[in-house]
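K.L.:
Supplied in structure tokens, the structure appears directly below.
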Amino acid sequence: MLDQVWEVVTLVVVIALVAVAGVVGLVRGRRTDTEQLPSQRPGTTSVEPRPRAADDVDEPDRGSVATAPGAPVETPPATVDETQLVEPEPTPQVERPESARGRLARLRARLARSNTAIGHALLGLLSRGSLDEEAWEEVEDTLIQADLGVQASTELVDRLRTRLKVDGSGRTDEDQVREWLREDLLELVGPDLDRRIASSRVGDRPAVILVVGVNGTGKTTTVGKLARVLVAEDRDVVLGAADTFRAAAADQLETWGGRVGVPTIRSEREGADPAAVAFDAVQAGAEMEADVVILDTAGRLHNKVGLMDELGKIKRVVEKKSPIDEVLLVLDATTGQNGMRQAEVFSQAVDVTGIVLTKLDGTAKGGIVVAVQRALGVPVKLVGLGEGPDDLAPFDPKAFVDAIVG
């Protein structure tokens with residue numbers, strides 16, 4: 001009996017244990033599902049998962065280049081808008097300057113138009129017949145006003161008075177007076193002075209021309225025109241831009257040279273040492289086996305001691321490489337007697353060998369030719385009679401006097 005009771009108790013315990021185990025398993029399964037799939041809480045927004053790193057390079061951004069991971073990214077070359085392409089400028093055609101013979105004929109006519117007033121006034125006075133002291137004073141005043149200078153004017157009047165005395169008639173006609181005036185003026189101008197420009201090679205080196213002058217005389221333009229004169233004579237020319245103070249001077253000179261195929265030696269640095277530039281130009285001319293090197297210098301006032309000393313330095317530095325064969329002083333003919341002091345100071349600084357008179361067509365005071373030659377003891381070698389590129393010519397004394405007396 002007791003044995004049957006224990007069997008029933010054991011069976012009940014076993015069933016209870018199985019039931020408890022089943023309940024525990026069910027509870028654990030539900031808890032696991034809840035952790036793996038959490039329900040969305042009220043008021044929250046689901047977020048899509050962030051793409052993989054590889055997804056970032058699947059589709060390249062506009063303007064970039066897709067590359068393999070780890071490879072450097074290269075930027076494609078920028079596309080040039082066809083409308084921005086600039087066609088290269090055509091090579092400028094080298095000009096052939098006018099010959100000296102052609103320009104002399106043309107310049108003679110211009111000179112005559114600007115100076116006949118002097119000749120007409122003198123001829124009118126001298127052709128009156130018998131001349132008293134008042135008339136002779138008027139003749140002398142006319143000559144002085146033409147910038148001939150007091151001494152030269154007095155000499156010319158004395159010569160004319162002597163001719164009238166020798167003639168003895170006391171009366172003269174215009175043709176006779178014109179011939180006397182022509183002869184005596186030509187003697188004052190100096191027909192026998194050497195007016196040649198040193199422009200040929202000296203031994204195994206080029207000739208060197210230094211061009212100086214005050215501000216505003218047209219010095220750089222004169223250098224450019226002189227290059228044209230020499231090119232017309234079949235000279236090989238090199239230009240030296242030793243005016244390093246005026247910003248546009250080197251560009252201006254280079255333009256002049258380019259028009260006739262002449263090289264220009266310059267510094268790209270504004271304010272460079274002008275003596276160094278001049279030296280380099282002479283050295284380059286020697287290497288190129290040029291016939292002549294023309295050196296442009298900065299304009300300077302004759303009363304500025306420092307600037308005049310600098311001009312002397314340029315001359316000294318250049319002469320370490322080569323002698324200077326010609327020093328041309330550019331004077332504005334319209335300044336008249338005011339240019340005399342300038343000429344004297346420049347001559348003391350650099351030993352001027354020749355004068356270039358610009359703007360001679362702009363004044364009736366052609367007597368400046370005689371005055372400046374007497375003041376410096378050097379000849380006028382070139383004259384400018386206009387703004388054209390070929391309006392510079394060798395000075396012709398006979399043509400000059402003919403233009404005055406008509």
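Each Cβ is built from the backbone N, Cα and C atoms, and glycine gets one as well.
Below are the features I grabbed from TrEMBL:
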| type | residues | note |
| --- | --- | --- |
| TRANSMEM | 6-27 | transmembrane segment |
| REGION | 33-101 | region 'Disordered' |
| COMPBIAS | 35-47 | compositional bias 'Polar residues' |
| BINDING | 213-220, 296-300, 358-361 | GTP binding site |
| DOMAIN | 379-392 | domain 'SRP54-type proteins GTP-binding' |
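Map the listed features onto the structure and describe their local environment.
P.N.:
Counting only same-chain residues at least 6 apart in sequence, those with a Cβ under 8 Å from the Cβ of LYS219 (GTP binding site) are VAL211, VAL212, GLY213, ASP243, ASP296, THR297, GLY299, VAL330. In the three-state DSSP assignment, the secondary structure recorded for LYS219 (GTP binding site) is helix.
Helix, strand and coil counts from DSSP across the domain 'SRP54-type proteins GTP-binding' (379-392) read 0 helix, 6 strand, 8 coil.
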K.L.:
Please name the residue among the binding-site residues GLY213, GLY216 whose C-beta has the most neighbouring C-beta atoms within 10 angstroms.
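P.N.:
When each Cβ's neighbours within 10 Å are tallied, GLY213 leads.
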K.L.:
Determine which residues of the chain contact the domain 'SRP54-type proteins GTP-binding' (379-392) at the Cβ level, with the cut-off under 8 Å and only residues 6 or more beyond its ends counted.
P.N.:
95, 97-98, 103, 107, 110-111, 114, 190, 193-197, 218, 222, 224-226, 228-229, 259, 328, 333, 354-361, 369, 372-373, 400
K.L.:
Helix, strand or coil at THR297 (GTP binding site), per DSSP?
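P.N.:
For THR297 (GTP binding site) - judged by DSSP and reduced to three states - the answer is strand.
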K.L.:
Need the DSSP three-state call for GLY213 (GTP binding site) to compare against my parser.
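P.N.:
In three-state terms, GLY213 (GTP binding site) counts as strand.
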